[in-house]
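What TrEMBL says about this protein:
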type	residues	note
DOMAIN	34-187	domain 'Formyl transferase N-terminal'
DOMAIN	232-339	domain 'Formyl transferase C-terminal'
Amino acid sequence: MARCSPPLLRRLFCRAAKSASAAGAGAGGTSKKNIVFLGSPQVAASVLETLLVASESPDSSFQVSAVVTQPPAAKNRGRKLMPSAVAQLALDRGFPGDLIFTPERAGEEAFLSDLKEVRPELCITAAYGNILPQRFLDIPPYGTVNIHPSLLPLYRGAAPVQRALQDGVEETGVSLAYTVRALDAGPAPELLAILFNLGSKLLLHELPSILDGTAKEKAKPQDDSKITHAPKLNSDESWLSFNQEAKLLHNKVRAFAGWPGTRAKLQLVNQNGEPDVLEIKVISTKACASCDKTGDGNEVLFSGNSLLIPCGGSSCLEVVELQLPGKKVTTARDFWNGLRGQRLLKSP
């Protein structure tokens with residue numbers, strides 16, 4: 001997975017897709033080539049599932065010989081160590097446990113030694129989450145190919161889908177790219193699932209040329225002059241500023257869905273005129289170019305099924321669902337009914 005902090009990974013562009021490609025692994029070959037898959041979250045598990053199913057075909061040219069994923073992590077309230085989604089899928093599919101590698105870092109000597117014993121001819125990465133050192137990249141003779149959910153060189157980085165949604169782009173896609181070291185190289189959950197599913201099909205379509213070496217011959221370096229970056233999300237970015245136009249805020253809500261989410265501060269004014277700060281998590285929204293309802297400029301109103309929050313440029317953000325601290329997600333209507341005559345204002 002691409003990271004923004006040095007040393008950076010440079011992607012050599014192989015192929016990008018904007019619509020689904022015909023899937024199909026190559027036939028031929030008297031022996032199947034060993035592929036090692038690296039990935040961690042659920043979207044990567046769907047890629048592994050596609051590879052495992054395709055490898056079981058009688059005319060498949062490859063087999064998945066090992067899986068590499070992040071170590072088990074503490075989850076839920078019990079803080080019980082749980083395997084990654086990729087590891088769990090592999091186990092559920094009966095994949096040998098001793099061939100599921102979970103190194104803390106991909107440069108560990110013990111891990112690299114185990115990887116060499118598997119004799120991988122190609123490595124495939126999909127949201128793995130670790131920087132791959134040169135010692136790793138030197139092992140597979142056919143290289144390491146990454147599924148990246150953007151149209152490279154656009155949105156190179158750790159959060160391409162979220163940043164594309166935040167920017168409000170009308171078109172995105174998925175790329176297959178060779179990973180090489182280069183010192184000088186410089187709602188989101190739904191879209192991620194769509195793009196990795198598309199990437200799986202694209203990968204199967206391209207695997208024959210990758211495994212016979214012709215893909216590397218036709219691969220072209222990315223045009224560095226066209227690169228845009230997709231830095232990793234952080235929780236400090238989750239706050240909404242209603243001085244911005246509603247369209248920008250709506251894009252941010254879509255982009256940050258899941259984690260870190262989007263938060264906002266409002267003022268709740270009781271019947272005595274006493275204000276209190278109310279922090280909400282904004283779950284789903286719409287954007288209006290202008291507000292039809294009238295207020296004092298800072299007053300939050302309700303219409304239809306939405307809170308109407310005045311924003312920059314005389315626009316209006318419609319909040320459809322929200323969440324109060326320690327509470328479950330609720331509709332704007334239920335929230336509004338619970339105010340019982342109290343006024344709601346934008347925080348200064």
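Just so you know, glycine gets a Cβ as well, placed from its N, Cα and C.
Remember, TrEMBL labels are computer predictions, not curated facts.
For the domain 'Formyl transferase N-terminal' (34-187), the model gives a mean pLDDT of 91. Remark: secondary structure over the domain 'Formyl transferase C-terminal' (232-339) totals 20 helix, 45 strand, 43 coil, with classes taken from DSSP.
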